[in-house]
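Record features (Swiss-Prot):
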type     : residues                     : note
BINDING  : 105, 130, 157, 179           : S-adenosyl-L-methionine binding site
ACT_SITE : 179                          : active site
BINDING  : 183, 215, 252, 253, 254, 255 : substrate binding site
C-alpha cells in the first residue's frame, strides 16, 4: 500500500492540463453530511455517450433470443430503468438464487474483466451497468459463449439505478477506471463525490465494500480525499493509503501496457461500517 501527502501538494503539475491545477476551495468536494433525502439530488451525468463501432458478435448478442436473458432492459438507446428496483430478484430462478453474494460493477466498458471475475466466482452473482451499446453487446456475447449463469446486464445510468434499489442491498460495488474528467470545470462530473457516495453507500450492505481503481493520478488523490472524509466508510489500507491491486481484480491489457510505460494505477477499497 502507499500513502499520499496533502492533496494540494502531491501532484506534479506536469501531469495536469491547464484547467486541471491542484484542488482549491472551489474544487474540493463538500464533506458535510448529506441530507437523508438523497433521492432528490439533481444528477449531473458522470458519463458521455460516444459513438463507437459495434462488431457483429456484439450486435448479435443484442438481437438474438439466445442472449436475451442476460439483458435486463432495452439495450439500444437510453436504457429505461423503470421497474428495476431489486437486483437480487433477477437471479431468483437461476442456480445461485437471490441470496448469493451480489456484486454491482458500474461502467464495465467492453466487459473483459467483468466476465473474467464472474467466471472466477461462479457462486457470486454479478450485475453490470453500462451505457455504451457495443460494450453491452460484447459483454452479453462473452457471457453467452461461456454459458455463465451468474450475470445480468443493465443499460442505463448507474446513479439512477442505485436510487431505485433498496438499502443494504449489495455486497460489493466496483468502479474501475472511471472517466477522470480531467478539466477543472468538469470535476462536478466525477463519479466519486460526496453527493454520489451518499447514494452508493445507501445501497451497500453493512460490511460490504466499495472498490475503485484509476490510472489518473490526480483523480486517485481526489478519490482518497473524498472517501477518507466520508462518514460510514473505512479505508481498508488505512486512512490516506492506497491498496495494492487485489488478486480478484484482473489486470487489463490497457493497464498492463500502461504499467510497462511507467504509468501508475491506484486501487482503493472501502468497507461500509
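Just so you know, glycine gets a Cβ as well, placed from its N, Cα and C.
In the three-state DSSP reading, residue 105 (S-adenosyl-L-methionine binding site) counts as strand. Here the C-alpha separation of residue 157 (S-adenosyl-L-methionine binding site) and residue 215 (substrate binding site) works out to 23 Å. The candidate set comprises the binding-site residues 105, 157, 179, 215, 255. Of these, 105 has the most other Cβ atoms within 10 Å. Neighbours of residue 254 (substrate binding site), defined as other CB atoms within 10 A of its CB across all chains, total 12.
Ranking the binding-site residues 130, 252, 253 by how many other Cβ atoms lie within 10 angstroms of each Cβ puts 253 at the bottom. Of all the binding-site residues in the record (105, 130, 179), the one with the smallest CA separation from residue 215 (substrate binding site) is 179. DSSP assigns residue 130 (S-adenosyl-L-methionine binding site) to a strand segment in the three-state reduction. You'll find the Cα of residue 254 (substrate binding site) roughly 18 Å from the Cα of residue 105 (S-adenosyl-L-methionine binding site).
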